[in-house]
Amino acid sequence: MATINNNYLKLKAGYLFPEISRRVNAFAEANPDAKIIRLGIGDVTEPLPEACRTAMIKAVEDMGDRNTFKGYGPEQGYAWLREKIAAQDFQARGANIDASEIFISDGSKCDTGNILEIFGHDNLIAVTDPVYPVYVDTNVMVGNTGDANDKGEFEGLVYLPITADNNFTAEIPSKKVDLIYLCFPNNPTGATATKEYLKAWVDYAKANNSIIFFDAAYEAYITDPSIPHSIYEIEGAREVAIEFRSFSKNAGFTGTRCALTVVPKTLTGKAADGSDVELWKLWNRRQSTKFNGVSYIVQRGAEAVYSEEGQAQIKGLVSFYLENAKIIREKLTAAGLSVYGGVNAPYVWVKTPNGLSSWEFFDKLLQTVNVVGTPGSGFGAAGEGYFRISAFNSRENVEEAMKRITKKFKV
């Protein structure tokens, strides 16, 4: 009889967002007239930028002409896209990243999970708490953890609490860890990291031969010029960090699918015989074997992000969502709630009122004002008693949701 990967049985019954959908769908079925406003899953609502749409239409026409038709593309991504990314996203900020070190993919969610395939199972792994669930669940799936305790914490992971007491920036561990997940601007708390803070992590990683997985999916929302957009703006990061980025939240590619991972050629890991191995070569081998590349049409759309028109249009999109975040933050603060994030990030992190648990607040919001958010406990034990509200929605819906919430839950 065929056996299964028993690690999957360690996972919680439902991934956070499908569980939210299940509850919302059940409520909607029982209350068909309810006008539900969804501020939960971080999915964008505004259309693709015109520059991207125009480029993709042209790319479709290319595919209809024998002279410009494209078949299989390079697994790493077309050079014309990688070169623009290297120049505008990294080199323009003083980060010494070459186009050859960039890998185009169909999503940073996929990459943050797949990257584990090039690392051994004997690494000690650190995650923040609360944390984007994908980081934890993918480690469980590949066998890097033991079982979960009553709080949902898995044996074999080092949890680094991020709370209001430490400004939602995890303290560097006193013991040695091998792989470290950092996400800034942070999902779910909306916190940001200073250069000094990231430098401390880079120094720690260098001293301990550790690797940092740096998720910069929300870097476009940084408006403070003192906050770094990339970990490679920090001296020495090329030797210790892999960075993940996405076109989902800046250009609205959640349904179009395009992202990138940066693996510097100066980054190495240890083989079983103690020798140093270039991680770039391992990731390139993995991608060449298991991935056929992002479609030509989508990559042309992503390339248009770097045009003058594209840059102006994505800045407009980001500004729109940041204004939504500002409205959420200000309205909830005025209602007496404790509110964090939402300044250089599209997420607002709210302390639940009146001692309610995260899921109790979720159910109360859904049932009494028909607004959906994300329970903080779904991101980890330290998220209990908090709630994430997303700025990804129409202005009308955001304003209406705040009107409903503040009327019902004014402290």
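Any Cβ shown, glycine's included, is placed from N, Cα and C.
Cross-referencing TYR159, TYR218, TYR221 with the pyridoxal 5'-phosphate binding residues that Swiss-Prot gives (TYR72, SER108, LYS109, TYR132, ASN187, SER246, PHE247, SER248, ARG257, ASN292) picks out TYR218.
Among TYR72, SER108, LYS109, TYR132, ASN187, TYR218, SER246, PHE247, SER248, ARG257, ASN292, the residues given in the record as binding pyridoxal 5'-phosphate, the maximal Cα to Cα distance rounds to 34 Å.
Taking LYS249 (N6-(pyridoxal phosphate)lysine) as the reference point, the binding-site residues whose C-alpha atoms are within 10 Å of its C-alpha, out of GLY42, TYR132, ASN187, are GLY42.
SER246 (pyridoxal 5'-phosphate binding site) falls within a strand when secondary structure is assigned with DSSP. According to DSSP, GLY42 (substrate binding site) sits in a coil region rather than a helix or strand. Taking CA atoms as the reference points, SER248 (pyridoxal 5'-phosphate binding site) and TYR132 (substrate binding site) are 16 Å apart.
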